[in-house]
Amino acid sequence: MHKILEDTHGRTVSYLRVSVTDRCNLRCTYCAGEGQEFIPHPDILRYEEILDFIGMVVDMGIEKIRFTGGEPFVRKGFGDFMIEAAKRYPDLDLCVTTNATLIKDYVKPLAEAGIRRVNISLDTLDPEKFKRITGRDHFAEVRANIDRCLEAGMRVKINAVAMRGFNDDELPAFVEFARENPLDMRFIEFMPVGLETGWDDATVWKAEEILTEAETYAELVPLTEDDKCQHGPARVFNIKGGKGRIGLISPYTNHFCGTCNRLRLTSDGNLRTCLFSDKVYRLRPVLRNPKLGLAAVEKILKKASRHKPIGHDLLERMPAGQGVCRTRMASIGG
Ligand code: SAM
């Protein structure tokens with residue numbers, strides 16, 4: 001396979017995040033919030049359109065696709081769609097990011113279809129705080145579904161948005177959770193993406209601070225060079241004597257844009273080349289125009305990839321007190 005999605009900074013794109021819906025059954029304050037307007041159904045890419053798009057990007061060197069949302073399992077038929085994608089593209093590394101509230105009945109069928117990995121978002125281990133941050137009372141389902149995924153033999157990564165004043169008092173519990181369960185407990189720095197998310201610099205619980213404190217609760221052993229490549233931008237540590245691991249993702253304090261290999265497709269068919277930029281390439285009208293279609297989309301993709309920005313340049317120019325981009329994470333897919 002020759003890699004053809006390259007940019008002017010010498011980066012090669014091999015990873016695509018595909019959001020299948022902007023709707024979510026949770027209302028996390030920092031992500032979707034309440035009272036959002038949703039994309040009308042006719043503007044959402046149909047599953048067949050997404051499958052054809054995937055076929056095209058696989059030929060362009062994309063090796064990994066992560067489905068996301070909104071909440072992917074809110075969209076009707078998502079589990080079956082993912083199984084179909086796995087069948088159609090068996091060599092593709094397919095995974096999903098979910099809040100795990102609705103995954104229960106799909107865990108086994110997905111595992112049987114070869115989906116071996118799932119990322120689950122969970123910002124707190126306290127049911128009351130869960131209700132406060134998500135606006136919904138679903139902690140028990142999420143917790144039970146994490147166990148179901150582990151029992152089905154999936155590799156589970158738990159993602160918590162690290163927020164000062166919200167979950168920074170829970171680090172001992174998070175470390176214990178990772179010690180007792182064979183999963184990765186990862187902390188993602190709160191990002192200034194979207195407006196009115198409650199973000200300001202003081203709310204960012206920084207990766208270095210988390211690491212220093214976590215080391216007082218457990219002996220953390222960095223991964224070997226061989227293991228590291230499976231973790232993208234995350235810094236991951238084994239817990240000595242424990243079953244799981246601790247991971248740190250620092251999009252705010254650490255510059256890993258230099259190795260960014262991602263593109264994002266939103267559910268209404270917009271291509272985004274950087275999480276920190278509002279620039280979009282509108283693929284849906286091109287895709288749906290019989291005179292243009294996938295051949296024209298391919299050209300746009302190559303051009304867009306070439307001009308992929310360095311996100312941290314945008315972050316450094318962010319106006320004080322504002323988000324770096326206007327669109328909320330729920331519409332982009334994280
Ligand atoms: N509903 C799915 C879920 O909960 O994982 C997928 C979509 S959600 C937008 C994807 C990820 O983005 C979640 O892990 C969420 O916590 C994260 N996220 C949303 N807003 C964020 C922010 N402002 N900073 C950091 N991560 C954020």
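Backbone N, Cα and C define each Cβ position, glycine as well.
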Just to be sure I read the record right: Arg17, Arg66, Lys157, Arg262, Leu263, Arg264 are listed as binding GTP in TrEMBL. Which of Thr97, Thr98, Thr124 is listed for the same site? Thr97
Taking all protein chains shown into account, the Cβ-based neighbour count within 10 Å for Lys157 (GTP binding site) is 22
If you measure from the C-alpha of Leu263 (GTP binding site), which of the binding-site residues Cys31, Ser121, Cys274 fall inside 10 Å? Cys274
What whole-number Å value do you get for the CA-CA distance of Gly70 (S-adenosyl-L-methionine binding site) and Cys24 ([4Fe-4S] cluster 1 binding site)? 5
Are there binding-site residues among Cys28, Tyr30, Ser121, Cys274 that sit within 10 Å of Arg264 (GTP binding site), Cα to Cα? If so, list them; otherwise say none. Cys274
